[in-house]
């Protein structure tokens, strides 16, 4: 557990340890950022690929689903720092680097078509520069996807840390290339990602620039879905009802082990959350014929997923193409390649062969630099993007959240796994306040969970409010906002309340 101390707190308040850098653990449920002298930053327009805007004409099956930009006129980054420039100009001198086991039980077993997890067994990476700046990274381990298990990941990260400690001061880009030479290819992608995260985070902390600005500054928050693993129909219904109460509108449903059971689970979820949007994730579990049958049967139920993720085995390129064609032509459903995209070569094959409409970016299967290469290739080809992860804590999920918000180019965001853990091993980084409003002038506080921001950015700390239910008129808005902020208490400049029923991940400054 990565902490120096743990305070005893009430059930409604969790105090986070400030030794964890805020840039490594930045996620909190919240709204759009504002601050002294700043106007609100527009959030990314998270539009489900495959759902055309009103008035758009139907595209042919071979047409690309265009990547979604944050806004018609994206705001300029607040700071004139850029990651590419930083790689060339910032000299990095590493004083210490180490790998630590990161073991966290899950709140419930997490079953997908290809594996079952009861606990996270990842690797945390800590890098300290001569300047005293500290960065954290995480190497996620999911044996069905990553090539490493935890012992192998610990050993691999250990080798890279030893090389970092013995390296002279060099530009960040050269140091990252050195890490890639020690941990090359897909076999070490997860370990490489963890070390890259820690180095980039340490550099960002040393210049006091949050990662979302470093990666482009398009926005400082993203909206995520929430995942329901493979469970019984009754268990799925209970989870869906719970997530509906928490404000989640998009449910990612794991499928692919048993087609008939998958359909029964979907029926059960629709009964308790009839208005939710679905993402289906088969994790390679279906044949092409089964995947098409699932879409046919869902259509009979009046259900159209917003996305069908990795319906077939990662090496079944023909099957992936066939499902993509039928899904789009017949049902206007986009298909995403996840396990099929493990390198830039795979991405280029998907792009040039029109094999899928969306590419899922995961740092653990590509590394940070590898992910940026594929993002660049997809954007140039107008192929839509999704960002996800393995089963990770807020360290890796936070880094991915910063990347997604800063770039502002992801149509689908799946960064929910810290919410599935039974405990939070990372201290520092976010504050959560969830408020439920009833109609007109009645204000009901259903749950308040507050987490103190890292002292590293105390001067930028601001209260955050997520509105999970919105049913009042605009005339009542100022009154309700005032009542809400008075309830939370003054703490300097305030953030804007989110005026929609979504749960968002808001990134620390």
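Sequential numbering from 1, following the chain as shown.
Just so you know, glycine gets a Cβ as well, placed from its N, Cα and C.
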Matching range for TrEMBL feature annotation, transmembrane segment, among 460-479, 480-499: 460-479
Residue 362 (active site, proton acceptor) versus residue 338 (Mg(2+) binding site) - Cα distance in angstrom: 8
Rounded distance in angstrom between the Cα atoms of residue 362 (active site, proton acceptor) and residue 281 (Mg(2+) binding site): 15
Remaining residues near the recorded Mg(2+) site, that is with C-beta within 8 Å of the centroid of the site residues 281, 309, 338: 279, 280, 282, 283, 307, 308, 310, 336, 339, 360, 388
CB contacts for residue 254 (active site, proton acceptor) [other CB atoms within 10 A, all chains]: 25
Tally of DSSP helical, extended and coil residues in the domain 'Mandelate racemase/muconate lactonizing enzyme C-terminal' (233-327): 52 helix, 13 strand, 30 coil
